[in-house]
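To start, the structure itself, in structure tokens.
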Amino acid sequence: MEEGNWDLQEVKRLKKKLLIQNNLGMLLVFALLWFFVEVTAVSTTIILGVLCAILWLLVANMLFTLLTGKVIGTRAMQRVQTFEIERHGKKQWKIKASIGLLIILAITIGLTVMVVVSDIGSVPLNFPNDSFAFIGAWLGMNLGQIHRIRKLGREISRESSEKQERGSSESV
């Protein structure tokens, strides 16, 4: 599908759908974190070890997507990525995806080294206070996605006003 053939309203709807899916996923992770810290009192090492495993899966998924151009995920994720690749060009998309991969990889390696090398198991978790970093990341993710959705909305408005101007100039 060519870039001009994309229905930007549909892409905006898909991005909103992804925002909701991401928020539900983050809410699930937050609830599980609360459950394991407060209810079952699982050790810090186990919680951070599971987090490391999840992050390594994310790195593998991002690397697979970067190398193949295919998304492992929902149909909405696949369509939005296809739109982004066609809109920005494959080269620009690869640069952005590589930067994202390197950032997540650095965080993952750092957390993994911290869990393996240090005695993190002796550090008690205080759930409300220790969850601020998670909430901050969640908030940052939401703000970034909302910004991109609004930017697409402005593009839709600009495109529709250009169509109206062309239509009114043709009728004159």
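The count begins at 1 with the first shown residue.
Using the three backbone atoms N, Cα and C, a Cβ is placed for every residue, glycine included.
Residues annotated as transmembrane segment in TrEMBL: 18-37 (among others). Note on the transmembrane segment (18-37): residues 46-47, 74, 76-77, 80, 125, 127, 130-131, 134-135, 138, 141-142, 145-146, 149 of its chain, located 6 or more positions outside it, place their CB under 8 angstroms from a CB of the stretch.
Counting residues 6+ beyond its ends, the transmembrane segment (43-67) has Cβ neighbours under 8 Å at 33, 36-37, 81, 94, 97-98, 100-101, 104-105, 107-108, 111-112, 114-115, 120-125 in the same chain. Summarising the annotation, TrEMBL assigns transmembrane segment to 43-67 (among others).
Summarising the annotation, TrEMBL assigns transmembrane segment to 97-120 (among others).
Summarising the annotation, TrEMBL assigns transmembrane segment to 132-149 (among others).
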Contacting positions for the transmembrane segment (97-120) when only residues 6+ beyond its ends and CB under 8 Å are counted: 44-45, 48-49, 51-52, 55-56, 58-59, 62-63, 65-66
